[in-house]
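Q: Below are the features I grabbed from TrEMBL:
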{"type": "BINDING", "residues": "214, 215, 216, 217, 218, 219, 220, 221", "note": "ATP binding site"}
{"type": "DOMAIN", "residues": "193-567", "note": "domain 'UvrD-like helicase ATP-binding'"}
{"type": "REGION", "residues": "1-28", "note": "region 'Disordered'"}
Ligand SMILES: Nc1ncnc2c1ncn2[C@@H]1O[C@H](COP(=O)(O)OP(=O)(O)OP(=O)(O)O)[C@@H](O)[C@H]1O
């Protein structure tokens, strides 16, 4: 962790405020000149990229592919440069051997001179990773605070143990400033103050699954999002196939929605595990579902059960008969069974294997029709003389000829054309493939299925899985089942990603994990979560439960230990609960001290007591949230709904939706009610208690 040093701790500076200010001003002016040069370069680069883009778009349409690739590249660069305008440069490292580097949101160079190093570049690593214990050759780390394009603040840390010299401005840590800042309701990027333990994960070159665990407020979401940006720049597969970030619900996605764009990344897809399936299968909006149904439907056993349903449609049974030109052709039971087995053996999903099955049926029927034609022709050979003579045939021979497609000409003579066609295997098969009767027989034996059909079959066998209400549409609980069925029927999803980041990963059920993994065939993933915060729908107690033993074994598991959100006092309030719900977990260490949490009784009228506390909290000018059991939310919203201050309205947030969010002050309403409301309620309460950045009030 970065050392949080203040001016008062710094030897040689005490008391000499004026000298400190002059030094700060001199250094600030020097950095301002450098930053002015950086912005001049940024503006020039942005103008050049736009001109080039215009020229490319006007370019030769005959080479449209090259033009589009080049245009996409330039557009991306233009967006990066635009996004970099805000707080372009935020840091600098001075090496013990005299060199220095400025670190910022994008790389800028002037010929061979690197003016600004992109924070993701290897050269920038020491800015984040150097500590007093391991300075990595860095003498001084400087943080620059920009206000627009003006250098407003700077503060230095000396990492080599040396005394501050005339050019050093050792000051309040920007980390403390960042974590103490008032919250706005939207998460901000913190690229300037990423800490060493976070940076090590963000920059990890591990290509498989990286699991990041840690208590509330340790920066798991911060790591997840900055890693998405890092991976996009550094991993070929991520650049080629895209990055997907998954969150637990849309409220959370809204909360984190500005982080990646402000890092210059607009191409990252954001979704929830539910939304992924709704979009992929083009489903109507699903109904909500209770946690009990979600947990039941999330059980891994349904994967096998659904596979059994589909296999049931492929199992050997009966015979298959097709009438061709008035004569039946039959696949007897052993032949039909063999045909099914051959189709199953392809390993293709059901609807694709069906095409193989149909072609095999066509082969068998064609063989039969041809064998019949050969018999008839052989019989006709005996009559050749008669045929050549053009005399009238007896009735039986005429029927044989007609069946083979022979037609008598005006003289009563028969030609060979149609019979030859019947014996042409290619033509016969093509004709049979378009034959409606054959198609119907195949559909009976191996029906084309939809995900809907398969899940409804499963529900017939397991009525406990049915949606509430007879005609209810699918609920969110059924989405992973539908996705599984779609996979069995039609194979992998059309859209997959090179890297997938899963936040609040403890919230996914095992069936949802299957759905997510399907979209990440390369298994390059960053999975962040806290099992102590798991909601009732999952109840996962280990990553092996969640990810499956195989993947969990191969995962690189990292733990974050420092809490940046909340104060030591709030963590202490939640500690006894943590000891009960996850005794094996070490509580995180808080970087900040604050007020003691307040507890008060509801006195018989919870809403009134909460409204009173909200009024008090609003006087601080903070963003305030009331967190309560879901059922209590409507009454509390009525009680405090109108209250507001400069920081925005008071938010009444159901505990089921509060994971991952944070507020300056949190009023937890009726903790016992939260604990009792649903299974694992103590985990819900733990989540609620750990949401504030400043003050916690518990009413009830
Ligand atoms: N290096 C950092 N610099 C500045 N702020 C930070 C840093 N790391 C984390 N924070 C801040 O701490 C708060 C908590 O971070 P974050 O939401 O990522 O934690 P989390 O571990 O995901 O929490 P939860 O388990 O509750 O979801 C956020 O406001 C975040 O911006």
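Including glycine, each Cβ sits where the backbone N, Cα and C put it.
Show me how these features fit into the structure around them.
A: All protein chains included, residue 219 (ATP binding site) registers 24 other Cβ atoms within 10 Å of its own Cβ. In this structure, residue 219 (ATP binding site) belongs to neither helix nor strand by DSSP; it is coil.
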Q: Name them in sequence order: residues not among 214, 215, 216, 217, 218, 219, 220, 221 whose Cβ is within 8 Å of the mean position of the Cβ atoms defining the ATP site.
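A: Result: 222, 530, 560, 563, 564, 565, 588.
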Q: Compute the average pLDDT of the predicted model within the domain 'UvrD-like helicase ATP-binding' (193-567).
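A: Here the predicted model's pLDDT, averaged over the domain 'UvrD-like helicase ATP-binding' (193-567), is 87.
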